Amino acid sequence: MDDGDPESGSLNDFWGSEDPIFDRKELLDIDLVPTEERIIGRDSEIENVASSIHPAIKGQSPRNTLIYGKTGTGKSLVAKHVTRSAQNYALENGTKMGRAYIDCTQTKTETRVVINLARALNEPEKTGVSIPVTGLSTDVYYERFWSILDQLYDVAIIILDEIDKLQNNEILMQLSRAGEAGKLDSCKVGIIAISNKISFKESLDERILSSLQDREFIFPPYDANQLREIMYNRDDAFKDGVISDDVIPLSAAFAAQEHGDARKALDILRNAGELAKDEGADEVTEDHVRNAREKANIDRFSQLLEGQPTQIKASVYALSVLAEQHSEREEFATREIYEMYQNITSDSALGIETLSQRRMSDKLDEQVFLDILGQVERVGRGYSSGVTNYYYLLEDPAVVQAVIHNDSRFSELEKN
Ligand SMILES: Nc1ncnc2c1ncn2[C@@H]1O[C@H](COP(=O)(O)OP(=O)(O)OP(=O)(O)O)[C@@H](O)[C@H]1O
């Protein structure tokens, strides 16, 4: 084993070397909540969310708020930015405001949400309440959580991001009714629920819905100009003069082509910088952006599709098989997709039931909203008059299948 002179290793030169491309790379981190002057094109959304929670500044009940919009439209950013600013203002004005953020893709069960909320808001040295990570019943966790809220805060704002990923809606029921149900003595609770799945409201109990729908906002996608602005406002992530002139406009054009997704724009920009760095280049060029876009597409698509239920994968898979078999066509009618879907789901390897055509097409419609698929309506002529729905893939069928095959049941299917 070599444990000789540490000075002699050539790695030392490497550790000591300066990054030739990035200066403040953290500005391109996806979780960063940028300062207000770096937030572009969301003035009215910020105003709307701020007006919903305005009463909280004085310790009164904030209005519950529901935010919808496609991915990368700034939903999480606006919710975090507005609540952070409210919390600072409240603090300076003598109101004790608590604020917690839960990502429901990571925290899906009722008990885990309560535990995480309680742990995030607790100050054990002040409350004397402990929240062990496991071991108590859900009821006890709730009791301790209510006690923490009453002891420490006049008001608490809870952001539930990607709320449609929750296993059930019990936590929403509890949080939205905590005051009237007498669980809380003095603390007021407000919820900001975020989703990119418009159909999620159908699964909600009427009472929760009416309480959440109090204020509902839909965030529109960005246009290419806004995406450009968002990126120019973060170009100090790079060393001076390292990005060539066409890099930001091209990244913005790519991100605007699908829907105006700021996450995608920033992903492309960061990945382009990383590719340039890996190559030892001293400039980020248009070619790096093109290659980064390719990589971002595959990553993003995997993320969107991987966690989806088997029924959804089966219907998207059916479309990908058709697209592969008929490379001369792009669009396929619901009926054709359904025939392929029936073939696929009849294979016992998948272990799922075959839904009706109607329900399968509902699943496809959801994927359209998430930008996994595209959909067009065509009016037929002659015998086939009437409107027919057609779907098409937004990604290469080979990429779609590669992602779905990560689910072992689908790779089994391939062998049969
Ligand atoms: N208006 C904006 N100005 C500056 N940066 C933005 C803006 N909107 C979004 N971003 C950046 O884009 C990325 C994605 O934004 P955000 O997470 O808020 O999107 P989202 O709508 O919550 O998406 P998802 O549904 O995928 O969670 C973040 O890094 C955020 O900082």
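One-based numbering along the chain as shown.
Each residue, glycine too, has its Cβ placed from N, Cα and C.
Listed in TrEMBL for this protein:
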type	residues	note
DOMAIN	61-223	domain 'AAA+ ATPase'
BINDING	T73, G74, K75, S76, L77, Y222, R234	ATP binding site
DOMAIN	316-404	domain 'Cdc6 C-terminal'
I'd like the per-state residue tally for the domain 'Cdc6 C-terminal' (316-404) from DSSP, helix first, then strand, then coil. 46 helix, 18 strand, 25 coil
So if I take the binding-site residues (T73, G74, K75, S76, R234) and measure from each Cβ to the nearest atom of ligand 1, which come out below 6 Å? T73, G74, K75, S76
When you measure from the Cβ of L77 (ATP binding site), how many other Cβ atoms are you left with inside 10 Å? 22
Among the ATP-binding set T73, G74, K75, S76, L77, Y222, R234, as the record gives it, the longest Cα-Cα distance in Å: 19
Determine the Cβ neighbour count for K75 (ATP binding site): the number of other Cβ atoms within 10 Å of its Cβ. 26
Can you give me the average pLDDT across the domain 'AAA+ ATPase' (61-223), rounded to a whole number? 91
Surrounding CB atoms that lie within 10 Å of the CB of G74 (ATP binding site), all protein chains: 24
Neighbouring CB atoms within 10 angstroms of the CB of R234 (ATP binding site), all protein chains considered, total 20
Find, among the binding-site residues listed as T73, S76, the one whose Cβ has the highest number of other Cβ atoms within 10 Å in the structure shown. T73
Packing count at Y222 (ATP binding site) (other Cβ atoms within 10 Å of its Cβ): 25
